[in-house]
Amino acid sequence: MKGAYTNPRFFLAMTVMLAMAAALVQAQGTQVGFYARTCPRAESIVRSAVQSHFRSNPNIAPGLLRMHFHDCFVQGCDASILIDGLNTEKTAAPNRLLRGYEVIDDAKTQLEAACPGVVSCADILTLAARDSVFLTRGINWAVPTGRRDGRVSLASDTTILPGFRESIDSQKQKFAAFGLNTQDLVALVGGHTIGTSACQLFSYRLYNFTNGGPDPTINPAFVPQLQALCPQNGDGSRRIDLDTGSGNRFDTSFFANLRNGRGILESDQKLWTDPSTRTFVQRFLGERGSRPLNFNVEFARSMVKMSNIGPGVVSCVDILTLAARDSVFLRGINWAILHGFKESIDSQKQKFAAFGLNTQDLVALVVLL
């Protein structure tokens, strides 16, 4: 038995097996063209579904973009926001006004007809978010796919979503928890260049905010316009553009509005009033004296970073691989080989050979049983 632990061939065999496990971990990650062989039309089917709904209701574009963001920030980009039921993410307060679920359902139905059981809802939502930006005259980018759908969805987990009154420091902490930096924060919030907000989410800024007056960070000339749209004690569900004057086009107008004190949400306007984020707003606007950043390009990069947020850092495959290594190190621990206890030697050799392992490797590994 001791010889098995000191035999160089044994350790070579173990190295090969660990490398195979590591390769499996990589295979479970996302990559551009993940469905190239298993469902070649996957991306075109999703885009077609989004386009069809967009033609009849352009508001689904910002709806899908928000949905993707809210999904990724809660247990990773796993489509858990789509799960129905009591106390699921979908029922939580931050998600009750989301729109576009019917688009995902439509795309999923078409994909199941073309490639049954292949394309995950998580990938459909990620692709639909990209297509929504493109349809509103924003950038098109390559989306890595290969996500797996989650099975757990809890409304209580949505507390991590940034709120419409949240400070910049708090927002930065929440983004940093997912490996997203301050530039990513500003770029992704810039997605508010399309879409609307309900009056109930910002009307408090218009009346009795400080000393009986409106929020002083709002341009005084803009206040009457907002008050006319959202009168005190009026319809809180009424929706207005987050990017005044350009709510249906993906551009930098949103940042220009922040600079001019015309941000709708308090958390959005803080991107300008806080020095740490104002710098990036200025760079996206290409202001003189700043190092310009292309908003569309940086938004796409930040979206790819965000869309790769997973439900956890350590995979079960990694745990199993490490446990196998440690089992070899600790004498007396049983090593499980995936072959039948009545299996012939010829059958065992064929199975081992499929992984580049020869007869000596077989014997070296089996002695640990």
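Numbering starts at 1 and runs along the chain as it is shown here.
Cβ atoms here come from the backbone N, Cα and C positions, even for glycine.
Automatic, uncurated: that is what TrEMBL annotation is.
The signal peptide annotation in TrEMBL covers 1-27.
If you draw a 10 Å sphere around the CB of Cys115 (disulfide bond), it holds 16 other CB atoms from the protein chains shown. Residues annotated as disulfide bond in TrEMBL: Cys39-Cys115 (among others).
Long-range C-beta contacts of His70 (active site, proton acceptor), restricted to its own chain and to partners at least six residues apart, with a cutoff below 8 Å, comprise Ile81, Glu89, Pro94, Asn95, Leu98, Thr158, Leu161. Annotation source TrEMBL lists active site, proton acceptor at His70.
Marked as Ca(2+) 1 binding site by TrEMBL: Asp71, Val74, Gly76, Asp78, Ser80, Glu89. Other Cβ atoms within 10 Å of the Cβ of Glu89 (Ca(2+) 1 binding site), summed over all protein chains shown, number 26.
The disulfide bond annotation in TrEMBL covers Cys72-Cys77 (among others). Its Cβ taken as reference, Cys72 (disulfide bond) is surrounded by 27 other Cβ atoms within 10 Å in the chains shown.
If you look up TrEMBL, you'll see Pro162 marked as substrate binding site. Proximity of Pro162 (substrate binding site) to non-local residues of its own chain (separation of 6 or more, Cβ distance below 8 Å) is seen for Phe73, Ser170, Gln171, Lys174, Phe175, Ser267, given in sequence order.
Residue density at His192 (heme b binding site): 26 other Cβ atoms are found within 10 A of its Cβ, drawing on all protein chains shown. Residues or ranges marked as heme b binding site in TrEMBL: His192.
A 10 Å cutoff on Cβ-Cβ distances gives Asp251 (Ca(2+) 2 binding site) a total of 17 other Cβ atoms nearby, all chains included. Sequence annotations record features per position, and here TrEMBL assigns Ca(2+) 2 binding site to Thr193, Asp243, Asp251.
Under the heading disulfide bond, TrEMBL lists Cys199-Cys230 (among others). A simple way to gauge crowding: the CB of Cys230 (disulfide bond) has 25 other CB atoms within 10 angstroms, across all the protein chains here.
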Students should find that the Cα atoms of Cys39 (disulfide bond) and Ser80 (Ca(2+) 1 binding site) sit apart, in Å rounded to an integer, by 23
Can you give me the Cα-Cα distance between Val74 (Ca(2+) 1 binding site) and Asp243 (Ca(2+) 2 binding site) in Å, rounded to a whole number? 26
Got a sec? Which of these binding-site residues, Ser80, Thr193, has the most Cβ atoms within 10 Å? Thr193
Candidates Asp78, Thr193, Cys199, Cys230, Asp251 (recorded positions) with Cα within 10 Å of Cys72 (disulfide bond): Asp78
Determine, to the nearest whole angstrom, how far the Cα atom of Asp71 (Ca(2+) 1 binding site) is from the Cα atom of Cys77 (disulfide bond). 6
